[in-house]
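Asks: There's a structure below that I have some questions on.
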């Protein structure tokens, strides 16, 4: 039993080993068959490649022969086998190659080719052209050789590459083709690396063309073929590309225009800043001028005034209607030293720069006079030290005569003398003492400046006197009276040379006296004659005036006032009823009886009450809005009048998030209007029981503002103001007040503040 089982197991084992050996031999035979089949496929592939290379080489040789390059055949490529077992081809291939070479040789040595080759030297024009053709042929051969080598390397690389490398090469080639296609389609760089398998859109057909059949059917072009659709899409893409270019060009043009506008705005801003800077400079100069005047006032008040302070006070008194200076400005130089006058010249220059030419003539004349006084003082100092070594232009004996000639002359007369001296200096001459005449000219300039200041001082005094008489109601003569000129007799007419006396010469001793006599005698005669004529005219005129005045007083000698009509009243006249006048009189008597300031009127009390509690953030607000076309029924009984008012506007800073971010307490934000306080004065209301009212109306021209109108009743007209249109705060805790007491209507309110809440 055990023997049978062992024999069965052995036989089963032998059968199993036999099956395994058979299966192993079958597998080995299958693998060997696959290897042989692969080898045969490779050999067939290599054979096809050799044939294709031979065909390409034959075609290239034929092209060489056609181009005339038969002297040298192109190099034959040496093709290598992949396995490297044998370097020679089969007999059939060798015979085919020999036959091809024989055929090419026969073609190359044909009579036509020899004739063309023999005729080609005859066609060559020059050795230089032949050398150029030879170099061109050599460069062409070099390019062909390089291309053949590159092709050989590519073929060799393809022959030895593995299937994975081949697959990678084809994929790279395909990707390059797709990339070129995407570039042609106008894809950007960010979408250039997307593929069907690698894209963030999850689209497996990303690179494929999407065909929207429904849209094509709707457009009626579903019958078109794929090629026609592609052409149509290309045209659409080209149109889109052109449109994008136009849009880009327009965008660039807009950016250019924007840059130009910004540049223009910058230039305008610079001009505004320049104007602002100019205004700031003017304000700064004005500030320094005011400070200089303030310092002058302080020094004058403390009794330590400088000459420039007195001159500044004099020139500022010309603009003042009440201040009067009785002395000429050059009298302030009396008693000054040379150092004081030099300081005065510097101060005058400062005032001329600060005033910017306002009183340039005055300061220029004062400079001339000061320089003349300085030169005189220096001459005195030099003469006090010892005898002068050089001649001073005018002799001391002649100087007094010159001063007497210049003294008492008007500015116009001195100007005539000045022109005559200048003409004499320009004319010149051999016996002309130039130093004398130049010194005389310098003195004459100082006398002209004094005469101009004297005439200006007289004009200012005359104008001040005229204004004072007008204010006091005193009748006076006109400021510029019309003088009646009487015809002069021939005996009293002056000759031209006597009208302008000539100053004495440097060498004449009796010249000054003669000139003075010649110039003074006719003048005195004329003066006497004029005085007599004027005295007679004034006497006649005064008598006529007295007679006319007495007649007027006789006609107007009434002690009761004349009754006036309504048309004769001025527009701003206030008409009072007898009862109202009596009431005012009694009120005035009561005010005199009570203790206190009797001169304080009801309006003063009103303004004093209205100004109480006025803070720093409040300012007076008196801009009234005109009301036109308003007619009152009581206008025929009472004369309408405007009420008095004292309004205040409350301004302040609003520290919201924006202002807290961009401003601080040192650089605060701009102030805004936060409220108003209206105080309207109605002391003479006819109906004391009617309370004044206010009406808030919309502003027609601007929605940001509103019209606040107050209505009280006779005899007061309505009054309106333009305010900011914001919501009011009606709570008394926030300062709202609307009351009428003691003839004063008060309306105080603040605007609501909108706070940011999350």
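In case you wondered, yes, glycine gets a Cβ from its N, Cα and C as well.
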Asks: Which one of 293, 379, 409, 469 shows up in Swiss-Prot with the note SUMO2 cross-link?
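Replies: 469, according to Swiss-Prot.
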Asks: From 173, 407, 484, name the one Swiss-Prot lists as SUMO2 cross-link.
Replies: 484
Asks: Can you dig out which of the ranges 297-356, 477-536 Swiss-Prot describes as region 'Disordered'?
Replies: 477-536
Asks: Out of 476, 588, 731, report back the residue that Swiss-Prot marks as phosphoserine.
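Replies: Matching 476, 588, 731 against Swiss-Prot annotations yields 476.
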Asks: Measuring Cα to Cα, how many Å separate residue 469 (SUMO2 cross-link) from residue 126 (phosphoserine)?
Replies: 122
Asks: Counting across all protein chains present, how many other Cβ atoms fall within 10 Å of the Cβ of residue 126 (phosphoserine)?
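Replies: Around residue 126 (phosphoserine), other Cβ atoms within 10 Å: 8.
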Asks: Just to be sure I understand, if DSSP states are collapsed into helix, strand and coil, how many residues of the compositional bias 'Basic and acidic residues' (155-178) fall in each?
Replies: 22 helix, 0 strand, 2 coil
